[in-house]
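The next block holds one structure in the form of structure tokens; read it before the comments.
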Amino acid sequence: MNIFRLAGDMTHLASVLVLLLKIHTIKSCAGVSLKTQELYALVFATRYLDIVTDFISVYNTVMKLIFLGSSFSIVWYIRHHRVVRRSYDKDQDTFRHYLLMIPCMLLALFVHEKFTFKEVMWTFSLYLEAVAILPQLVLLQRTRNIDNLTGQYVFLLGAYRGLYIFNWIYRYFTEPHFVHWITWIAGVVQTLLYADFFYYYFESWKNNVRLQLPA
Amino acid sequence: MEHTSGKDEL
């Protein structure tokens, strides 16, 4: 494992911890999109089907369990926790999941490497992950005054995707036959979605003002 | 290791 991959995984882990911290300690999910969280839960559930069939490493299995467990518990908190659910911006979080899920499923059925259940599900998870942040970005745009933790959560998620691209560049030059077009294209698309957010995030940081996305 | 490149990622 190279440094970019490790840094990417750790950033991803940090993003989840920041979100859990906000929900668990402050008992608030204001500004957090349940739609995005549900899509992530689906992404991990469909991607990690191999957790029971292939053993890669202890690190790999543990991280998979963490991402599965945290994504489902975040969804549970927002939907069912008696205090947290009251802070959910239901009226603002109106992005429809199926607008993302159906095209991703169709694309996975037609564009994949092997036509097996596990492989199509894995490909679906890559496509879905690429666009799963959209409901969250739409919600941020509608929310005036984004709080620090929510801003940091999205920033860390974006940083994780960026680091994975460096990881692929590194692996491309150091490992023979490391060519994975589907993963790469989905990953680059996903990272580009954060470009606008990053711009405003750094602007607000530089000028020391509260993060606000233009409507 | 024909198919594992990338599959070891999260």
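Backbone N, Cα and C atoms are what each Cβ position is placed from, and that goes for glycine too.
These come from TrEMBL:
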- A:1-31: signal peptide (SIGNAL)
- A:55-78: transmembrane segment (TRANSMEM)
- A:98-115: transmembrane segment (TRANSMEM)
- A:121-140: transmembrane segment (TRANSMEM)
- A:152-170: transmembrane segment (TRANSMEM)
- A:182-202: transmembrane segment (TRANSMEM)
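Under 8 Å from some Cβ of the transmembrane segment (A:152-170) lie the Cβ atoms of residues 2, 4-5, 7-9, 11-12, 14-15, 18-19, 22, 32, 133, 136-137, 140, 178, 180, 183-184, 187-188, 190-191, 194, 197-198, 201, all in the same chain and six or more residues away from its ends.
Through the fold, the signal peptide (A:1-31) approaches residues 59, 63, 66-67, 70-71, 73-74, 77-78, 81, 83-85, 87-89, 139-140, 143, 146-147, 149-150, 152-153, 156-157, 159-164, 166-167, 170-171, 174 of its own chain, all at least 6 residues removed from its boundaries and within a Cβ separation under 8 Å.
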